[in-house]
There are 2 protein chains.
Amino acid sequence: MRIGIVGGGQLGRMLAEAGAGFDARFTFLDPGEAPCAALHGDHLRAAWDDAAARERLIAVSDVITFEFENIDAEVVARLADERPAFPPAQALATARDRWAEKTLFRDLDIPLPPVAAIDSQADLDAAVGDIGLPAVLKTRTLGYDGKGQKMLREAGDVAGAFAELGGVPMVLEGFIDFDHEVSVIAVRGRDGEVRVWPLARNEHRQGMLHCSVPQPGHPQQARAEDYARRVMERLDYVGVMAFEFFVAGDGLLANEIAPRVHNSGHWSIEGAVTSQFENHLRAIAGLPLGDTARLVPCAMLNVIGTLPERDAVLAIPGTRWHDYGKAPRPGRKIGHVTVLAADEAQLAERIAAVEALLVNELG
Amino acid sequence: MRIGIVGGGQLGRMLAEAGAGFDARFTFLDPGEAPCAALHGDHLRAAWDDAAARERLIAVSDVITFEFENIDAEVVARLADERPAFPPAQALATARDRWAEKTLFRDLDIPLPPVAAIDSQADLDAAVGDIGLPAVLKTRTLGYDGKGQKMLREAGDVAGAFAELGGVPMVLEGFIDFDHEVSVIAVRGRDGEVRVWPLARNEHRQGMLHCSVPQPGHPQQARAEDYARRVMERLDYVGVMAFEFFVAGDGLLANEIAPRVHNSGHWSIEGAVTSQFENHLRAIAGLPLGDTARLVPCAMLNVIGTLPERDAVLAIPGTRWHDYGKAPRPGRKIGHVTVLAADEAQLAERIAAVEALLVNELG
């Protein structure tokens, strides 16, 4: 099994780790000098749209996949002409454009917070009138982890905001009252079979995911699965897809989708019968999908910016260490820690013990 | 963390897979053309006693370990002169010599089946008189998986047996009545801390391990741990060590030890909080040891000679596939399947389903 991956970050790296049992061989297309996934395969260093590198990736791959979504639709289409390539181009295109994503939710009767497309300051002024403040203005494409967005709290924040974010196409998202945020990771096989992991409850800090805790038996599980299935079927999706929802009242409001393995599913490496990474590979290779049940209470905590003292983390029972081999840098995801426990109370204690060791970037 | 491994088989390969989360780099010294571990690191192709390769391994390693025990004591000693090298030379030397191993058990008051050292046909004739038949004659060194041994069932099998096995130093082992065979996998850190996984019940077929099923709460757990601790402390051991015992009456009889990660511990990759491979790395690198508890009911089944139909195995819920990337050959271990389940009854069903797919070499 020869797998070509567009992108060479930690998601590609963990895909390759999941492929070891299949004796799979990986090639990563990535413009970086030393992308961290290259530890586990061959690195084609080239720009995303480099035609020669694309041909080389095709030549060494039986199937091609993507570890991030900001790839030109044209490049995706060319790869898919030559090899099975998943997820499909329309899924990548939808996920990289916030307005296309919101439109898809609406078309599928999936509830979502108030939103408007913004193509000018006049659009923004009108939308603020409709939606109210606070609201958040986001570029339609290329935003992630709090980048490419601006919080609008009061009237003074609105003036000039369109120009400030670059005058590109944007969306304005209204704020809603919600209880907590969850994500659901789902996988769809080439034959249309869908499997869904338990919902994970997510906690963000400074705009970045801090902690994900799977919640088997969450009252919104069935609803989240239904929404995930609608989206994946509409997009004729193959592979793992992540969905972020706000839990509000007794319902869910869709926040965003990611057409790939996702940070909030990393707990599944140790904590599920089959991880998101292994099932993504099974899906794109046309193999039977694996069981997505949680094995024991567990959680994932991100390591951002600076590694905590490794040996102190390992000394906490039930911890598993994931160092992505990336240079430390403020705001950069460089690893994660999985915490396993015998019951929920022990899990909470262990999470607190790990959190006490994580380096707080704000000092 | 740069780890040098003497040997490049599947044990080395799975050690490297466990090292991914530590961003560890591996170099394998192995005389083979394409040892399967080389997928995950650099391969130094050279004879075990090649001095230049040994120096190269030292140069690229912070710590050195062994994935099999049939290494000359002299080679081990030279490596250990230059780098931390685990397990220690005396442990490797003891484990590769059946008589040294049996003598160690006796010295430590660990019960074992009747045994005698055999250095001539006259020794053999006398020992058969003492121990009786049936008995099994084994070379003191270099035997494994039923090789280098001869079953003596009746008087006619005894005559000439010493010459038949090569006239090298041997042991004669008497047969005992036993209920079943278990192995215990234990790990000892540089600081002397010992952790032990649950006993696994082993089933052999045609002289090779077929299936290992961990048995938390086995009535012999405490005794096995005591024996394992005695051996590891006497040898000043660091790393993972495996112990095979016969369960006879209400006690244990020691069969053999292996100074390394072991086939009967492969279930721990998915089935334990920390696998034998990860804890071996933690031990030799001087890191805190991880929890050895079983997560859920599980089992490991060996794939010997020929791969079964992969997709049929994957379609059985709870299975995880381990293809070592080795060429199929009769009697060769080329992979294993881990089976996870919610309870013991479901586990038994799933084991039976996998067994039905394994290719029976006897046809």
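In case you wondered, yes, glycine gets a Cβ from its N, Cα and C as well.
The shown structure was predicted, so the numbers you read here are calculated from the model rather than taken from an experiment.
Annotation source TrEMBL lists ATP binding site at A:R98, A:K138, A:143-149, A:173-176, A:E181, A:H204, A:255-256. Residues or ranges marked as domain 'ATP-grasp' by TrEMBL: A:102-285.
In this structure, A:I176 (ATP binding site) belongs to neither helix nor strand by DSSP; it is coil. Remark: of the binding-site residues A:R98, A:K147, the most isolated position is A:K147 (fewest other Cβ atoms within 10 Å of its Cβ).
Non-local neighbourhood of A:E173 (ATP binding site): A:P113, A:P114, A:V115, A:A135, A:V136, A:L137, A:K138, each in the same chain, at least six residues away, with C-beta under 8 Å from its C-beta.
Remark: of the binding-site residues A:I176, A:N255, the most isolated position is A:I176 (fewest other Cβ atoms within 10 Å of its Cβ). Mean model confidence for the domain 'ATP-grasp' (A:102-285) is a pLDDT of 95.
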